[in-house]
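A.B. asks: For reference, the structure I am asking about is given below.
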Amino acid sequence: MKILNVEQIRQLDQATITYEPIAPIQLMERASQAFVDWFMSRYDAFTPVKVFCGLGNNGGDGLAIARLLLQANYIVEVFVVRYAPRESDDFAHNHRRLKLLINPHYVENPGDMPTLRQRDVVIDAILGSGISRPAEGLVKMVIERINRAPAQVISVDIASGLQANQPNQSDDVTIWPDHTVTFDLPKLALLLPGNARSVGEWHMVDIGLNQRFIDQAPTPYYYTTEAEARLLLRRRERFSNKGSFGHALLLVGSYGKIGAGVLAAKACLRSGVGLLTVQTPGCGYVVMQTAVPEAMCRPDVDDRLLTGPSDVDGPSLADYAAIGVGPGIGKAPETARFLREVLTNFSKPVVVDADALNLLSANKDLIGLLPENSILTPHPKEFERLTQRWQNDYDKLELLREFAQRQQVVVVLKGAHTAVALPNGEVHFNSTGNPGMSTGGTGDVLTGLLTALLAQGYDPVEAAVLGVFAHGMAGDKAAQVRGQIGLTASDVVESLHWAW
Ligand SMILES: NC(=O)C1=CN([C@@H]2O[C@H](COP(=O)(O)OP(=O)(O)OC[C@H]3O[C@@H](n4cnc5c(N)ncnc54)[C@H](OP(=O)(O)O)[C@@H]3O)[C@@H](O)[C@H]2O)[C@@H](O)CC1
Ligand SMILES: Nc1ncnc2c1ncn2[C@@H]1O[C@H](COP(=O)(O)OP(=O)(O)O)[C@@H](O)[C@H]1O
Ligand SMILES: [K+]
């Protein structure tokens with residue numbers, strides 16, 4: 001699903017109005033009805049609702065929402081924040097309609113603000129995606145008062161004061177909603193960690209905007225939906241055998257961190273690989289053979305570090321369909337030397353994670369040795385080491401896109417809404433996963449999983465987008481059973497399920 005910018009959303013509204021055709025006021029009505037349907041499925045008619053409206057189209061939505069809720073017998077009060085003498089046409093239209101049912105309150109100075117109680121639900125329709133400057137004066141005061149109140153807050157389309165696709169300044173005020181209900185497409189701002197407080201939980205409601213316009217609109221940003229991920233998933237052929245699904249090699253572990261390798265190996269096997277060989281330091285040999293009997297184990301010459309295989313007459317690197325390297329390997333110079341050897345002698349895409357990424361950061365010339373379309377899976381700190389510090393999330397996204405394009409690799413920047421940056425400059429944000437996954441080892445699971453997909457012959461771009469989605473989905477399934485707090489990386493492995 002595409003993520004469009006504010007200007008494109010404006011054009012999209014216009015295209016919908018022209019080609020459907022539909023009157024602008026009807027489009028507002030449709031958006032408001034979609035919000036109300038969402039609202040009524042969660043809050044009953046005894047909920048005291050207080051709708052705060054600005055004077056633009058977001059305010060117009062708020063007025064229409066208030067009317068629709070009143071008609072559904074909800075207890076609604078409306079507060080129009082009169083910060084300027086002008087109002088949008090559709091606001092004015094809905095203002096007239098609402099006044100046939102109730103008299104709104106007008107907030108013109110601080111004394112006009114009502115007391116907001118815990119049981120109140122505030123609907124924030126003060127400012128929407130059309131803001132052109134930070135909230136100030138009366139609007140700022142209202143936002144701050146709402147934020148200080150104990151009431152629940154639901155933002156219409158986007159939290160008032162939050163910019164949809166560019167950074168806010170650190171002292172900008174925005175509503176801090178519990179929920180954001182956004183129209184039709186996700187906005188970039190909703191996906192960025194720095195905006196967590198200004199977004200809350202977010203939800204998308206369909207208002208049927210013009211699909212042809214969306215299909216043609218250029219954007220580097222996408223949001224992976226379940227339907228899109230499902231299309232990438234390959235079924236297994238009836239007359240297949242283990243040779244059909246590739247032989248993967250995982251280079252993992254060091255003394256004290258063999259578990260990272262075990263998690264990666266288990267995830268690789270649970271993700272459809274045909275055959276798996278794991279190379280661990282000598283100290284990991286018995287552990288791996290015991291914990292993961294399905295995997296073959298190739299002990300390292302070194303007992304505690306990953307430096308090179310002891311069976312020098314064994315298969316050569318080129319015999320493997322895919323290699324995953326990094327979980328638990330440490331940063332010893334001997335391991336760096338081995339990583340150099342691997343990257344020099346293997347020409348198919350590799351999955352590079354954890355300390356293998358830190359070794360790339362410490363030895364930047366290794367980056368140039370990465371086979372084209374390799375998949376790098378840094379968390380933000382690892383990505384910063386690979387590149388540089390960033391000013392804000394937008395700056396970070398530019399660094400991410402630039403790195404993936406320059407190096408011609410896929411970069412999976414992990415976190416909530418993991419961002420998968422492609423060599424062609426696109427960024428695909430993930431829609432699955434939960435904070436229960438913020439626990440040691442879940443990244444190692446992703447490495448094993450992605451290595452399995454590459455070994456099966458998935459294109460690296462598809463492997464990354466699909467793999468990140470499936471990993472998050474496993475995390476979500478595990479959280480349903482365990483709850484987020486008790487979730488472990490092993491639960492994520494056990495919840496991997498490739499039929500959906
Ligand atoms: N497809 C969709 O998504 C649909 C979207 N719809 C809805 O439309 C919303 C966008 O509406 P919008 O363009 O009128 O913008 P919105 O934010 O309500 O008002 C901005 C106005 O306020 C002003 N202003 C700007 N910054 C300011 C500030 N800091 N403090 C104070 N004032 C400020 C600025 O005027 P200015 O003062 O700059 O002349 C401008 O006129 C969107 O979020 C959604 O809710 C649906 O109805 C239909 C389908
Ligand atoms: N709040 C969150 N929401 C969604 N996914 C998360 C969240 N926190 C972590 N994750 C996921 O969990 C994994 C953590 O990986 P990583 O930080 O490398 O952990 P480790 O190194 O311990 O294995 C990533 O895939 C990340 O996207
Ligand atoms: K809003």
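From the backbone N, Cα and C atoms, a Cβ is placed for every residue, glycine too.
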A.B. asks: Please state which member of S160, S170, S198 TrEMBL lists alongside N58, D124 for binding K(+).
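C.D. replies: That K(+) site, as TrEMBL gives it, pairs N58, D124 with S160.
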A.B. asks: Looking at AMP binding as recorded in TrEMBL, which candidate out of G436, G440, G441, G443 goes with K414, G415, A416, H417, T418?
C.D. replies: G443
A.B. asks: How big is the Cα-to-Cα gap, in Å, between S132 ((6S)-NADPHX binding site) and A416 (AMP binding site)?
C.D. replies: 28
A.B. asks: State the mean pLDDT for the domain 'YjeF N-terminal' (9-215).
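C.D. replies: 97, rounded to a whole number.
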A.B. asks: Once N58, D124, S160 are set aside, which residues in the chain still have Cβ within 8 Å of the Cβ centroid of the K(+) site?
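C.D. replies: Apart from the listed residues, the neighbours are F52, G54, G59, G62, A125, I126, L127, G128, S155, V156, D157, I158, A159, G161, I175.
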A.B. asks: Just to be sure I understand the contacts, which binding-site residues have a Cβ under 6 angstroms from any atom of ligand 1? Candidates are S132, D157, S160, K414, G415.
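C.D. replies: Cβ < 6 Å from ligand 1, in sequence order: S132, D157.
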A.B. asks: In whole Å, how far does the CA atom of N57 ((6S)-NADPHX binding site) lie from that of A416 (AMP binding site)?
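C.D. replies: Checking the Cα atoms of N57 ((6S)-NADPHX binding site) and A416 (AMP binding site) gives a distance of 31 Å.
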A.B. asks: Within a 10 Å radius of its Cβ, which of these binding-site residues (H379, K414, H417) has the fewest neighbouring Cβ atoms?
C.D. replies: H379
A.B. asks: Mind checking which of N57, N58, S129, S160, T418 has the fewest other CB atoms within 10 A of its CB? They're the binding-site residues.
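C.D. replies: Looking at the binding-site residues N57, N58, S129, S160, T418, the Cβ with the fewest others within 10 Å is that of S129.
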